[in-house]
Amino acid sequence: MNTETTSVRKFRSANIHIYGKCNYRCEHCFDRCLTKNYMRPSDWVDTLTFLKEYGVEKINLAGGEPTLYPFLDQMCYLVKGMGFKLSIVSNGSLITEDWMARMEGVVDWIGLSIDSIDEADEIQIGRGRGGHLENIVQVADMAHRHGIKVKLNITVVRRSWMKDFRPFIEKVRPERVKCFRALTLKNANDDVPDTWSITDKQFEDFRRRHEDIGCIVFEDNEDMVSSYVMFDPMGRWMVDSGYEKRFISFEVLRREGLDREVDVEKYFGRNAVYEW
């Protein structure tokens, strides 16, 4: 695959938020503003073709909760059939052994999301009603049995920044760990009281205590904004420059290019390209 050393730097991955609904109610979620409408897999062909011709290599299917999308299997087959590496970002609650078996050789990565290593925190945050952490370990085990790599996504929030995630990470055995600092975006999650934000010092303390884990990366708020190529469930280009979520038509993207809103240097700066 192409790496950061490529002479002309281009975005190598893109996130398609295929479905806006979710069965969890995480307090800090900045995707709850997504439209509840959605497109069929065939409607995504133009977007995927554009991304393929541009040089994108990996597609991340996200939500909402992508396993609620009624055409998930067909979408996975489409993306894989077009030659992309395929990742799915999920809360893991609806993933079964049967689905994993069907996706063996189709899905390359599964990203599993947590905010704390304390189940009481997860319940307070809105990530299910109990048993979330145990289920994440079980789903990770399923993935490994079927040859699917695991990425553990940790959102570092006010309830969890001081805790030690090492024992839980060892249980999950992920090939990659990504730690996000909880982010507030205008028009996304600024409509409710902020109970999740942490200070620079708190995030740095969390980083210092975990940075020697070999497969781990950290994304502060400034690393995140304007560094992701994203699409909403209706195929609109989703951008967050200036800490404000906005939606731009695909036609504008095709005419003006990804560089209009997304910073390729920030993309590479957050270690977005790795061995996938």
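Heads up, the Cβ atoms here are built off N, Cα and C, so glycines get one too.
Some features that Swiss-Prot has for this protein:
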DOMAIN    6-216  domain 'Radical SAM core'
BINDING   Cys22, Cys26, Cys29  [4Fe-4S] cluster binding site
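Residue density at Cys26 ([4Fe-4S] cluster binding site): 22 other Cβ atoms are found within 10 A of its Cβ, drawing on all protein chains shown. Mean model confidence for the domain 'Radical SAM core' (6-216) is a pLDDT of 93.
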